[in-house]
Each structure stands twice: as C-alpha cells, then as structure tokens.
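These come from TrEMBL:
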DOMAIN    15-335  domain 'NADP-dependent oxidoreductase'
ACT_SITE  Tyr89  active site, proton donor
SITE      Lys118  site 'Lowers pKa of active site Tyr'
BINDING   His146  substrate binding site
Amino acid sequence: MAITLNSGFKMPILGLGVWRMDGKDIRNLLINAVKIGYRHFDCAGPHKEKVVGLGHSYDDSIVFLKSVITWHWMEIYGVAAFQNVKTDYQNEVEVGEALAEAFQTGLVKREDLFITTKANHGHVIEACKASLKKLQLDYLDLFLIHFPIATKHTGLSSMPCVGTTGSALDEDGVLDIDTTISLETTWHAMEELVSMGLVRSIGISNYDIFLTRDCLAYSKVKPAVNQIETHPYFQRDSLVKFCQKHGICVTAHTPLGGSVSNTEWFGSVSCLDDPALKGLAEKYKKTVPQVVLRWGIQRNTVVIPKTSKLERLEENFRVLDFELAKEDMDLIGSLDRKHRTNQPAKFWGIDLYA
C-alpha cells in the first residue's frame, strides 16, 4: 500500500523509524523488518556533540542532551551515567551495513526499498553526500529538511563537513542557529540534489502552515512530503489538510504519541492509555497501537512507528488487514488535546514553535 508523491514516485504508507535505535540492534531489526514486509525506512543525519562541561572535556562519542535538565542529571549522577546513552539518529552506518547485507544476500532489491534521511543544517549537499556514504547508497528516495532552521556548521572530525543539531549547542546549552542561511537558500540546494540525481524526492519536516506556504511560493521543485508530529492527542488537522490540498504528502513521525518520551521526559499521559482507544482495540480485536496506526493511514498520512522489539515490529505491520468505521474515525478525531510530544525547548534551550 503506497501513496504516489507529487514527484511521481511511490512511498509506502507504512514504514519503520530508527529514532533512538541502538546501532548494535539495527542489523537484526532491519533484516527482520524486510522479511516481515517493511519496504520503507526513515533515517536522519546524526545528532551528536562534543561534551564540554563541569570543568572537563569529554570525547564526542559521549552523547547527552545539553539542556538544563540534563545538566541537573549529570550533576547528580555524574558523567559516567551518560556514557552509554545513544544519540537520536547516530546509526546511519549500521543502517547502511544492514541494507548492504539485505541487497547482497538477495533478500530485497534496492529499487524495492524507500529510504528517507534528513539534513540538520544549511549545508544540505554535503550532508546528503555524507549520508549516502554511510548508508552505502547511490541515491535517496526522500531527503528532508529536518527542522525549519539551519544550525551552525561545525564539521566535527568524526563527521567531516557535517554540522549537527547536537554539536551546534552553544556554551549555555542553547541551539546555535545560523542566521546567515535562509530556508529559501536551503531549499534551492535541496532542489539541486534532485538535478544531481542524488535524491528522487525532497521534502520538509516540522514545518507549520505558514512555512509550508512560503516553501510552495519560492520552490521550483515542490516539497513532496512534510513530516510532522501528528497522533490522536496532537492531530493538527488544519496543517494535514493544507498539505494534502496542495499535493504534499504528510508523514506522521511519533504516530503513536511518543509514549516512552511522554512518560520519561515530560511525565505526561500517552494516548495509548486512552479508554476510548482501548475500547476500539477490543472492538476490532487489535492492539491500541494498531488502531492508532490504522487511524493515521485512513487519514492518508504515512506512518513510521519506531520499535526495537521484534514482536512490536510484527504487530505494527499488521494494520493493513482491517478498516476503521467512519464513526470510529470520528471518535478518534474527537480525542485531540493539542498535546505536542516533541518539545525542542527541553533539549535545545529554545522553543522553535514559539
């Protein structure tokens, strides 16, 4: 089941996100995902930084989120407690190795997969080439501007020529935004990637209606996708409908409402615990996540749930064999709480959505 993008290419409506996934788990997970039937994998450029603080300097392989909260935790538990924390997307190399194995063993052909990754700064051509090298691919099916900002281009030795959101935090733990690079300039560089044959489709991520409208106005190659947070507790119906009206496919990141981050980071309630959704799961003899993913699909949005567990991988894929009745779609539509899970202010010291 796929959606045809405005670029003419087909994008599977169900994919697997690799956010926060440990590199050592990638190989088995991706191989099993392909065997199950997944053909769409959503990656991103690395979020990594050199850790400097508390009077010491630490190698950039130590990952942490330099926010007020994290500084507090480090003061309490010490830096050693963060030695094994993984970056959000620091696994493109492992993804590439798993994909190469799948191709070499004949498990799947490159043309049968849809691979997405993202740029985190204004130097998108360098970022794209770096991601292609790590992923061991000749082209990307979709390349996205991860956030509607350009971060400082630091060029860490471990990631030559690629600045990242992590490395772009200033000494106060605030995201160091590059104000010399406009979104329009960045988009025209994205368009160049299409001309170079490195990317088949290009898109945006975390853009609101106004930024999306502007992108449509200055673009020669229209954005094929806008990847945003949307789930039953944060439905963003106006943005979804605006994008779809103008031929932009909406991909739902955090399609299950970010249950882990809701609890661990924000102490908030997950939509997966909603009584109405539990009732629908019982009615359809499905799990709550399956009902939520099916709701997303029936909104004509692409869903890319993330999991590192094989049983959940199989469960999430079994959402194409049933359909929610209109009254049940309407019921879920009534659950919106305008509750955003992804809060950059918590991690980067600045509210990008202010």
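Quick reminder: no glycine exception, Cβ is built from N, Cα and C everywhere.
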**Message:** To the nearest Å, how far is the Cα of His146 (substrate binding site) from the Cα of Lys118 (site 'Lowers pKa of active site Tyr')?
**Reply:** 5
**Message:** Can you give me the average pLDDT across the domain 'NADP-dependent oxidoreductase' (15-335), rounded to a whole number?
**Reply:** 82
**Prompt:** Which one of the recorded positions (Lys118, His146) has its C-beta surrounded by the most other C-beta atoms within 10 angstroms?
**Reply:** Lys118
**Message:** Using DSSP and collapsing to three states, where does His146 (substrate binding site) fall: helix, strand or coil?
**Reply:** coil
